[in-house]
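Q: As annotated by Swiss-Prot, signal peptide applies to 1-20. According to Swiss-Prot, the feature disulfide bond maps to Cys46-Cys60, Cys50-Cys63, Cys56-Cys70.
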Amino acid sequence: MKSFNLLSLSLLLAIASAAAVPDVEGTITNDAATPVNNLDDKRDHCGQVCLNKTGCGGKCPKCDMRSLTCKKA
């Protein structure tokens, strides 16, 4: 049982230390996974959900308040 506790503790420490590694200069980060970038990318598509007149842009700048979707002007 003692060896199991030691093994599980060392595994836990290995996972925690791997998660705490800072970003290394020169590596590529995946910014596309951030919600802000996803929203900016989707602003250009028709049919996205909008809640006000400023929620749409690009090819479909008009927000139809009945269906709450962006449509072409």
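Any Cβ shown, glycine's included, is placed from N, Cα and C.
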Q: Can you see whether DSSP assigns Cys63 (disulfide bond) to helix, strand or coil?
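A: Once the DSSP labels are grouped into three classes, Cys63 (disulfide bond) ends up as strand.
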Q: Sort out for me which one of Cys56, Cys60, Cys63 has the most neighbouring CB atoms within 10 A, since those are the disulfide-bonded residues we care about.
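A: Within the set of disulfide-bonded residues, the most crowded position is Cys56.
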Q: Please determine which of the disulfide-bonded residues listed here (Cys46, Cys50, Cys70) has the lowest count of neighbouring CB atoms within 10 Å.
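A: Counting other Cβ atoms within 10 Å of each of the disulfide-bonded residues Cys46, Cys50, Cys70, the minimum falls on Cys46.
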Q: Hey, how far is Cys56 (disulfide bond) from Cys46 (disulfide bond), Cα to Cα, in Å?
A: 9
Q: Rounded to the nearest angstrom, how far is the Cα of Cys70 (disulfide bond) from the Cα of Cys63 (disulfide bond)?
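A: Answer for this pair: 5 Å between alpha carbons.
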Q: Reduced to three states, what secondary structure does DSSP give Cys50 (disulfide bond)?
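A: Once the DSSP labels are grouped into three classes, Cys50 (disulfide bond) ends up as coil.
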